[in-house]
Amino acid sequence: MSAIVDIIGREILDSRGNPTVECDVLLESGTMGRAAVPSGASTGSREAIELRDGEAGRYNGKGVLKAVEHINTEISEAIMGLDASEQAFLDKTLLELDGTDNKSRLGANAMLAVSMAVAKAAAEEAGLPLYRYFGGSGAMQLPVPMMNIVNGGAHANNSLDIQEFMIVPVSQPTFREALRCGAEVFHALKKILSDRGMSTAVGDEGGFAPNFGSNDECLSTILQAIEKAGYRAGEDVLLALDCAASEFYHDGKYQLAGEGLQLSSAEFTDYLATLADKFPIVSIEDGMHEGDWDGWKLLTERLGKKVQLVGDDLFVTNTRILKEGIEKGIANSILIKINQIGTLTETFAAIEMAKRAGYTAVISHRSGETEDSTIADIAVGLNAGQIKTGSLSRSDRISKYNQLLRIEEDLGDIASYPGKSAFYNLR
């Protein structure tokens, strides 16, 4: 038995300089697991609640001392002595202790930090790398990365309404080569922007944040960078978007302020379809407002066979909402953010539900990150096939890519890189 003998919660800082929660879990054998939780900028209204102190004079109200106190008191008392290898039972204990539907009492940030730290301690106790502990002998597939090389929307202070413009390397034989491709395109784009006298400052997720005249101009420039780096757009490298449409949906219209457009759901579907026809776009995330299910249905019927349609704010890693979406034929993919739901057990359940329905599951970071690289191990352990963890800059993003390189090395000859086949939801 891997009994839990000590739990320590603490307040640390994330990549935006805001407080977040870190937790250490110590086992009877002396083994320790440490985990830190991320935080989002654009959030779904039905996400599990991240507990903040609200004390205006300290970190602008964003302190997490209440969540830390819950770890060091109530949660510690409830799980002390439990077997760390019994993840499902431990997470069930946390859920029952919280007692709310949205984890608002203890805080999803407190619960997730403990859930992750326990898993890490148990993996260490078992002498297994974390991805192997999660997935057993079947964990051998590296994920295709969606690399956010231009930031807009809530992630940057520029004129772009769409939040993320991503490159997706798909023709490479290994993850290592896919990562090299992404880095080379990133540097080619930096040179193009610099030559034009445009900003090469980066946003929250490490992508550039220049002022383009339109989304079309941004995508065209990315195609130039792909070519400049020596790759073929549409063959070696595909494109992906995160619209984060809930952020610019007001008064029943999709208001693209950067382009002076106010569009209905049908008109915005036409807008996205035009982009998908013009550019090699393989994936669009949150293409409609989270509450605009009629719009989502229209978008899915229009593009769902040729473009991966990812629900982030739509599904918030929640199996109850995902089940409803599957039944109604909404989207064909789910974004998986561990802090949207608050425990590893619930996270894994969402991934499995998606797969059973023929939906893909894209493992994702948040805009406020830490050096914790657990999502890399989840992506491989659960054979998710896709990961979204930022650009090719900022160590809070690179830490996940570097962990995937280590995992690929550890797997050796049995490692596989799915490329285009990661998009099995497209027919």
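Cβ from N, Cα, C; glycine included.
Going through Lys191, Lys337, Lys420 against Swiss-Prot, the one listed in the (2R)-2-phosphoglycerate site together with Gln163, Arg366, Ser367, Lys388 turns out to be Lys337. Of the residues Asp204, Asp312, Asp313, Swiss-Prot places Asp312 in the same Mg(2+) site as Asp242, Glu285.
The Cβ neighbour count for Lys337 (active site, proton acceptor), using a 10 Å radius over every protein chain in view, is 26. Annotation note: Glu285 (Mg(2+) binding site) sits in a strand segment as assigned by DSSP. The candidate set comprises the binding-site residues Arg366, Lys388. Of these, Lys388 has the most other Cβ atoms within 10 Å.
When every Cα pair among Gln163, Lys337, Arg366, Ser367, Lys388 is compared, the largest distance found for this (2R)-2-phosphoglycerate site is 17 Å. When secondary structure is read from DSSP and collapsed to three states, Ser367 ((2R)-2-phosphoglycerate binding site) falls in the coil class. Ser367 ((2R)-2-phosphoglycerate binding site) is surrounded by 24 other CB atoms, counting those within 10 A of its CB over all protein chains shown. Of all the Cβ atoms in the protein chains shown, 31 others lie within 10 Å of the Cβ of Glu205 (active site, proton donor).
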